[in-house]
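Trainee: Please see the structure below; I have some questions.
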Amino acid sequence: MAGNTFGQLFTVTTFGESHGAGLGCIIDGCPPGLELSEADIQFDLDRRKPGTSRHVTQRREADQVEILSGVFEGKTTGTPIALLIRNTDQRSKDYGNIATSFRPGHADYTYWHKYGTRDYRGGGRSSARETAARVAAGAVAKKWLKEKFGTEITAYVTQVGEKEIRFEGCEHISQNPFFAANHSQIAELENYMDSVRKSLDSVGAKLHIEAANVPVGLGEPVFDRLDAEIAYAMMGINAVKGVEIGAGFDSVTQRGSEHGDELTPQGFLSNHSGGILGGISTGQDIHVNIAIKPTSSIATPRRSIDINGNPIELATHGRHDPCVGLRAAPIAEAMLALVLIDHALRHRAQNADVQVNTPDITLSNK
């Protein structure tokens, strides 16, 4: 099965299934000398893990990470880092009714046709449980980026179903179960998600991800443009169906006189580009939006077929997120971090000696 490795110089290969013994990743290319412990990784895993509120899956996983290699006396050695997260709360009996049938909206049908076999327990490899390994790897990348450049990566939910969430400050993100940068709408969101769950249905979500203190010059035109790689990374997250960089689709209604970010000696006057021009970072904040589809596993009966092509009616039972987007913020942060560290290392490898006389204006306007 190809497609399990991400990156070129900082590579991450994930392994494991939803109901297997565990999952994890191998990180190769991490620079030596980075102080690293399980606690550095655990923080983001705890933000992503299931069972943290009534609005997400009630599967209870500790998601405790183990560092098996690549770290000696508290610092990375430059050799492969192996990270393991053991599964402890599998309930595979919940999936007996889908062993020979295909859930609408899931990867069951496509995995079966591609591989001729599939692990139907919780979706197997196609489950969003796999993203725990990405979050673990992303935590390592985030730590290196912060120490090297002061880079800070933040993600928050801006819409759940038809409920748009006003931005009131990033300090609120960690204080509610919705990863919302908002305080005043939390009770409304609680009631909304309760009604969605009781209706045996699900909703989608929209998230905003931003990276501050990104150095100018990251990105490899023409095929490995920074924005292209960010879009690739975000689309690789389960259930993501759309990506915007900067003004995104709003660019269609803007005039060139508005969209093009003007430059002055004091800095850029706007950031419609989302911090990327010509596929290369400008040094401004990078801004990304992603759209996540409604969770496909719902208890409402729906039409499908079995592996023999016979029509059936199927309801998916078990422990599922009524809005999978509510736990996507740490995953999106991780994927952006993995793109940035890979491009930082690629830039250093080829362009470390490049110097220009033009003053750096990029950080004066976010």
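From the backbone N, Cα and C atoms, a Cβ is placed for every residue, glycine too.
What Swiss-Prot shows for this protein is this:
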type    : residues                                                                                       : note
BINDING : Arg48, Arg54                                                                                   : NADP(+) binding site
BINDING : Arg125, Ser126, Ser127, Asn238, Ala239, Gly278, Lys293, Pro294, Thr295, Ser296, Ser297, Arg319 : FMN binding site
Trainee: For Arg54, Lys293, listed as binding-site residues, tell me which one has the smallest number of other Cβ atoms within 10 Å.
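Mentor: So among Arg54, Lys293, the binding-site residues given, the one with the fewest Cβ atoms within 10 Å is Arg54.
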Trainee: 10 Å Cβ neighbour count around Ser127 (FMN binding site)?
Mentor: 20
Trainee: Counting across all protein chains present, how many other Cβ atoms fall within 10 Å of the Cβ of Arg125 (FMN binding site)?
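Mentor: Looking across every protein chain shown, the total is 20.
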Trainee: Taking the Cα atoms as reference points, how far is Ser297 (FMN binding site) from Arg54 (NADP(+) binding site) in Å?
Mentor: 16
Trainee: Arg48 (NADP(+) binding site) has how many other Cβ neighbours within 10 Å of its own Cβ?
Mentor: 22
Trainee: Counting every protein chain present, what is the number of Cβ atoms, excluding its own, within 10 Å of the Cβ of Ser297 (FMN binding site)?
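Mentor: Result for Ser297 (FMN binding site): 25 other Cβ atoms within 10 Å.
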Trainee: Measuring Cα to Cα, how many angstrom lie between Arg125 (FMN binding site) and Arg48 (NADP(+) binding site)?
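Mentor: Cα of Arg125 (FMN binding site) to Cα of Arg48 (NADP(+) binding site) measures 18 Å after rounding.
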Trainee: What's the CA to CA span in angstrom from Lys293 (FMN binding site) over to Arg54 (NADP(+) binding site)?
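Mentor: Counting only the Cα atoms, the answer is 20 Å.
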